Amino acid sequence: MERGIGTSRGIGIGHVLIVYNASAVVNRGTHYNAEEEKKRFFEARKTFIEQTEELLSELEKKLGESDKDALVLKNQIYLARDITTENEVVAAIDNSHICAEAAFDDVCNKLIQLFSSMDNPDMQQRVTDIQDMRERMIQILQGTKAFDLTNLPDNTVIVADEIKPSMTASMDIAHVAGIVAEKGGDTAHASILARALEIPAVLSVKGILQKVKNGDSIIIDGAYGEVFINPTQRTFSIYEKKKKKYEEHIEELKTFINKSTETADGKKVMLAANIGGADEAAKAVKAGAEGVGLFRTEFLFLNKNALPTEEEQFEEYKKAAVLTKGMPLTIRTLDIGGDKDIPYMGLTKETNPFLGYRAIRFCLDRVDIFTTQLRAILRASAYGSIRIMIPMITSVNEVRQVKDMIKKICSDLDHNGISYDKNIQTGVMIETPAAAIMADAIAQEVDFFSIGTNDLTQYTIAVDRCNENVAYLYSAFNPAVLRLIRRIIECAHNAGIEAGMCGESAANALMAPILLSFGLDEFSVSTGKVLETRKTIADWTLKEAGLVTDKVMSMATEKEVTDYLSDYISERNKK
């Protein structure tokens, strides 16, 4: 058995098709006719854009709407048309008399080097996008063709070094049983597409290409990251049963799409989705979400070469508001810091960016950027049920500063006759111990809370969850974290406001009875976990959840808590 990272759940059973990402050999001679090479470049670019637009159209047909892969292809078109890219290629040809392939290769390599040096995983992911663009452009210039994935046999499991955006867009999805790659992770485009289309995927399987050949039997488990090459009949039988059971489970989940979210004894709660862009709002609604509990706005800033204008932001927020069809849409204001490499913002690297110049601290310092975003959100509020959410609050003073800014912007909008929701709600993320301790005072200033368990856990336990040496300490089941969560919800309710949660814990089945017993009003989870979470909530009564929670809150260690919950739920599921 081989192990990797399971990035899309499900069992895939089929036969191997190896897809090689062979890099083209580029001639480095300096004797080429500059005018002819520039002509070749412009012709190849035209063909590249036409082909990419076709791929984009095919991808949107498969998914029924745009997704992050579509954004990648749009970015490739944008980069190909970009005047800076064009000027650099032309200058390289004119100055060095190199061929169009070499010139374009050099320009792409500079971009790859830039993005590779960045700490931000989202920006590092763009390396794959640029490599894909480079390879396709060189193939066009050299008259070669990419691997044909349009007509595949049934139950094909694609095995590759890396799955590129153009590969996923052209793939014969109906006949793909699974995806395996040596590189990539949970945020890779292969993972995003696989999850959207419910195709099992296991990435980061080291050395897999040396261990398989075309036609080999293969089984992949996308939940556990396991790959079986030429499995025994016994293993095959076991996974056939697992596959059937999983598919039955998925069909059962689909029955929850149009149901309200409530416990077995009728206590209703809100179930919302976390999204990273307007296009994802439609997916969330389609998946059964009752609104958007977290709209991350960072992508608007990360995927540009300059600050997004007020109009650009307004159109994005308006689109999300329209797509959520009147359901609550909670937009989190810009949450960036020194860990995000955004050259045009001039952010300096910090020794510990998670404790530094970030989120609301950055926004209150860069009032120009913050005002533009708040104006865009307020204008968009005329088109839906938008709420404003402020991240990383640590004091009442920060909340009051934001409220004063919103008040001034509203006054300006009124003066200019611009429509907005005059009853728009403003809330905060409670994700620092300081905010949790001062939750009673902060609750008097805002309309709602959203608990960010990812950072709250990290800051409370003083553990860097990205540091492998101490990552084992990171757990929201730590009794200290649980007590803070309980306090936050109690403070919200005492002030007459609601408390939600948008961290990973909101979708954790072990955490569900605790959160229900605490009285959490809103669970906000990734779109792919909406139905699973709704089913989990429906399995509990408040009485049973309360009994379990009373036991948990008497425990002193994280291990006691998780062992008890795991054993209890395991026994419960046997009944």
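Glycine too: its Cβ is placed from the backbone N, Cα and C atoms.
The C-beta environment of Cys502 (active site, proton donor), restricted to residues of the same chain at least 6 apart in sequence and closer than 8 Å, consists of Asn274, Gly293, Leu294, Met429, Ser450, Ile451, Gly452, Ser524. Residues or ranges marked as active site, proton donor by TrEMBL: Cys502.
In sequence order, Phe354, Met392, Glu431, Thr432, Gly503 constitute the residues six or more apart from Asp455 (phosphoenolpyruvate binding site) in its chain with CB-CB distances below 8 Å. The phosphoenolpyruvate binding site annotation in TrEMBL covers Arg296, Arg332, Asn454, Asp455, Arg465.
The feature Mg(2+) binding site is assigned by TrEMBL to Glu431, Asp455.
Annotation comment: TrEMBL describes 49-76 as coiled coil.
Remark: secondary structure over the domain 'Phosphotransferase system enzyme I N-terminal' (3-126) totals 81 helix, 14 strand, 29 coil, with classes taken from DSSP. Annotation source TrEMBL lists domain 'Phosphotransferase system enzyme I N-terminal' at 3-126.
For the domain 'PEP-utilising enzyme mobile' (153-225), the model gives a mean pLDDT of 89. Taken from TrEMBL, the feature domain 'PEP-utilising enzyme mobile' applies to 153-225.
Per TrEMBL, the feature domain 'PEP-utilising enzyme C-terminal' maps to 252-539.
For Arg332 (phosphoenolpyruvate binding site), the number of other Cβ atoms no farther than 10 Å from its own Cβ, over all displayed protein chains, is 24. The secondary structure of Arg296 (phosphoenolpyruvate binding site), as reduced to three states from DSSP, is extended strand. In the domain 'PEP-utilising enzyme mobile' (153-225), the DSSP tally of helix, strand and coil residues is 20 helix, 19 strand, 34 coil. Its own atom aside, the Cβ of Arg465 (phosphoenolpyruvate binding site) has 16 Cβ atoms within 10 angstroms in the protein chains shown. In the three-state DSSP assignment, the secondary structure recorded for Arg332 (phosphoenolpyruvate binding site) is strand.
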